[in-house]
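What TrEMBL lists as repeat 'TPR' is 9-42, 131-164, 214-247.
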Amino acid sequence: KIESQRKKAQVLKERGNSFYVRHQFRQAIEWYTKALDANPVAYDVWTNRASTYAALRMWEEGLADAREAVRINPNWVKGHWRAGVCLVNMNQHKEAKEAFECGLRMSPHSEQIKQELRAVEEHLKTLPTSAEEAKRQGNAHFKEGNFEKAIKLYKESISLLLQDSSKEEQSMRAALLINTAECYRQVGEYEQVVETCDRAIGTGILADNRNLKVKAHLRRGLALEKLERFNKAREDFRVALELEPTNHIASTGLIRCAKANRLVGGSQ
């Protein structure tokens, strides 16, 4: 039975490969998933699907698959390499360095992994060493309109803050998340705005900081409005207005959402 499952998975994997080489990545994922259903320990299929997710810039999904591959087979070089590539694109360079180092231990002569590792090490040398410095650099890029660079630096600043940090650092983390959300809003990544504001509001620290709380609800409200989720946007604008009754952005946002809701029949 096990041999039969392996053969079935191999056939399904090859079907996935045929879609992958034609850059039909969604279809490739479907077939790789079927192959994994047939044989969940096929670590090579996990990395094939990870590669396909990476082609779609779905880095978190790709990383999860790569990690599953090396969980099944810790000596699978391609799994460590693929995890490293995903981590680089997720701006997690320290973790990427560890993944490439693992791969290089398995395959000391791999020029590809050596090259990736050198690039990560060079990048790490350029990174700020403190959360404050990363935030300062992020703010400078924000003012210049370099929002993608600002996002990376704000994320780096967050990663440099300790998890069990002081109230001051928790407040800084919330502010960094709200700044990141504004960067995403500026480049039209509205789902990311919502997700990032959710994280900021979820920290609980905003209860003691009215200014940050207003900003979080305003930015999430504006993003939800763009996503045509008008009822939820109105809720955020209402919260912002309760906290700051003279806030023009919140009051005009409420009016726009009310009008939009009437146009769509109040279903949003």
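Any Cβ shown, glycine's included, is placed from N, Cα and C.
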Residues from the same chain, set at least six apart from the ends of the repeat 'TPR' (131-164), whose C-beta lies under 8 A from its own: 91-92, 172-173, 176-177, 179-180, 182-184, 186-187
Secondary structure content, the repeat 'TPR' (131-164) (per DSSP, counts of residues): 27 helix, 0 strand, 7 coil
Averaged pLDDT, computed only over the residues in the repeat 'TPR' (131-164): 90
Per-state residue totals over the repeat 'TPR' (214-247) - DSSP helix, strand, coil: 27 helix, 0 strand, 7 coil
